[in-house]
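Here's what Swiss-Prot has on this protein:
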type: TRANSMEM; residues: 3-23; note: transmembrane segment
type: TRANSMEM; residues: 74-94; note: transmembrane segment
type: TRANSMEM; residues: 124-144; note: transmembrane segment
type: TRANSMEM; residues: 162-182; note: transmembrane segment
type: TRANSMEM; residues: 190-210; note: transmembrane segment
type: TRANSMEM; residues: 238-258; note: transmembrane segment
type: TRANSMEM; residues: 273-293; note: transmembrane segment
type: TRANSMEM; residues: 307-327; note: transmembrane segment
type: TRANSMEM; residues: 366-386; note: transmembrane segment
type: TRANSMEM; residues: 397-417; note: transmembrane segment
type: TRANSMEM; residues: 424-444; note: transmembrane segment
type: TRANSMEM; residues: 446-466; note: transmembrane segment
Amino acid sequence: MNLGIILPLIIYLTFVFGAAIFAYVKRTKGDFLTEYYVGNRSMTGFVLAMTTASTYASASSFVGGPGAAYKYGLGWVLLAMIQVPVVWLALGALGKKFALLSRETNALTINDLFFYRYKNKYLVWLSSLALLLAFFAAMTVQFIGGARLLETTIGISYTQALLLFALTVGIYTFIGGFRAVVLTDTIQGTVMIFGTIILLIGTIYALGGVESAVNKLTEIDPDLVTPYGPNGMLDFQFMASFWILVCFGVVGLPHTAVRCMAFKDSKALHRGMLIGTIVLSIIMLGMHLAGALGRAVIPNLTVSDQVIPTLMIKVLPPIVAGIFLAAPMSAIMSTIDAQLIQSSSIFVKDLYLSAKPEAAKNEKKVSYFSSIITLILTALLIFAALNPPDMIIWLNLFAFGGLEAAFLWVIVLGIYWDKANAYGALSSMIIGLGSYILLTQLGIKLFNFHQIVPSLVFGLIAFLVGNKLGERRIEKTQLKVTAL
């Protein structure tokens with residue numbers, strides 16, 4: 001166990017817990033629900049940018065994505081840059097409308113907005129179930145990614161690393177709530193930027209420059225330096241599918257959408273869009289390029305997801321590697337804490353308080369219940385992550401796709417189409433998510449596109465058809481009422 005690596009990590013985690021304690025103090029002075037779930041809607045532009053980019057740049061950006069770049073070469077780096085406009089697109093499409101609606105209705109969760117917009121409790125229940133299932137899969141990926149990092153860098157077993165990571169995330173989310181999440185996201189986003197730059201420079205330096213690195217990759221496999229990767233796998237259908245899955249479809253991710261309910265004002269939104277796009281550009285290019293070039297430094301890795309932690313040890317001095325370890329840890333922690341908060345809000349706000357609204361008056365009990373739910377979820381995730389796959393990116397993309405198939409049209413058409421109704425939303429959610437799971441489990445790719453593409457098409461058709469049928473049913477009901 002190398003103290004040079006561990007010491008900076010301990011210092012960093014001290015800052016994280018400090019932020020959580022600060023958030024806890026703030027929480028005790030305000031309304032619990034508003035403070036715990038949306039940080040009293042007080043995010044500045046810089047904080048909004050960092051928390052949105054940090055939440056998006058998860059284990060896949062720092063572990064799974066570079067692992068795929070290690071395996072498939074520079075073509076995957078090009079593919080990864082598709083994700084650059086994500087912050088601009090998500091905040092631009094949802095920002096102002098979500099902010100206005102959430103303030104007007106005092107909404108704290110995505111389901112609050114769904115109930116206000118569609119006036120249907122069954123939609124909220126189905127939404128809650130879909131969210132919990134998809135978040136559980138997505139959070140499992142983050143736990144695996146965090147454990148992989150600690151396992152490789154500080155030399156402990158995978159199980160020990162998993163327990164250490166889970167303990168850290170569970171405790172500071174338990175203490176601090178949403179404000180702790182966005183404060184640590186801001187710290188983490190800054191660490192991510194510098195860590196990415198340092199590792200990329202260290203990798204290129206170890207290889208004797210970019211030209212030398214590319215030559216070494218060519219010697220290993222000439223396909224590693226082509227845009228299409230080994231066996232031409234990165235074809236048009238793959239790239240188009242990937243763009244929909246990790247860029248356009250991100251508008252339908254609820255834990256990204258909830259950020260649009262918590263910023264301070266329009267100035268914060270516009271600044272957040274600009275800064276967030278710059279931050280994501282640096283992270284995506286730097287980490288994936290480091291992963292691809294890492295093949296020339298360490299050509300014989302059996303688990304490609306270990307490329308970043310192995311590179312850290314190989315090309316950086318121990319103290320610098322320790323500082324950089326905080327970067328991917330930051331990315332993973334910032335994603336999982338956001339999803340833990342969202343999952344907790346589903347149980348507490350959308351299910352418990354909707355069934356017992358009078359319980360909201362007892363803030364101490366609600367606070368206790370929220371924290372207990374967070375700890376139970378953390379414990380369940382530990383069990384789910386005990387047997388990890390070799391490449392976590394596919395599991396993460398599966399969770400991404402599930403959320404998008406269920407929620408993209410419900411969110412977008414709900415805020416941009418006045419005639420959208422609950423029948424259309426329910427139809428879209430059931431058909432979109434159902435077809436995605438079915439196509440994925442059966443391994444069916446229509447016209448060689450990823451399953452998310454036909455699922456979104458089916459979901460849109462279902463929304464339009466369900467909406468039309470719903471209009472007729474609503475008209476019949478109105479006629480019966482007026483005839484009385």
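From the backbone N, Cα and C atoms, a Cβ is placed for every residue, glycine too.
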Next item on the list: Return yes if the transmembrane segment (74-94) and the transmembrane segment (424-444) have at least 3 CB pairs under 8 Å (sequence gap of 6 or more), otherwise no.
Entry: no
Margin query: Cβ under 8 Å, sequence separation of at least 6 from the ends of the transmembrane segment (424-444): give me the contacting residues as numbers and ranges.
Written below: 114, 118, 120, 122-123, 126-127, 130, 398, 401-402, 405-410, 413-414, 451-452, 454-456, 458-468, 470
Check: For the transmembrane segment (124-144), what are the same-chain contacts with Cβ under 8 Å, counting residues 6+ beyond its ends?
Finding: 58-60, 64, 110-111, 114-115, 162, 165-166, 254-255, 332-333, 335-336, 339-340, 342-343, 346, 350-351, 354, 377, 380-382, 384-385, 388-389, 392, 395-396, 398-400, 402-403, 406-407, 410, 426, 429-430, 433
Item checked: Stretch-level contact, the transmembrane segment (3-23) and the transmembrane segment (307-327), CB cutoff 8 A, at least 3 pairs -> yes
Notebook entry, point to check: Per the 3+ Cβ pairs under 8 Å rule, pairs at least 6 apart in sequence, do the transmembrane segment (190-210) and the transmembrane segment (307-327) touch?
Noted result: yes
Notebook entry, point to check: Hey, does the transmembrane segment (366-386) touch the transmembrane segment (238-258), meaning at least 3 C-beta pairs closer than 8 angstroms, sequence gap 6 or more?
Noted result: no
Item checked: Considering the transmembrane segment (397-417), which listed stretch of 273-293, 307-327, 366-386, 446-466 counts the most C-beta pairs under 8 Å -> 446-466
Notebook entry, point to check: Who are the long-range neighbours of the transmembrane segment (446-466) in its own chain, taking Cβ under 8 Å and residues 6 or more past its ends?
Noted result: 235, 237-238, 240-242, 244-245, 249, 401, 404-405, 408-410, 413, 420, 423-433, 435-436, 439-440
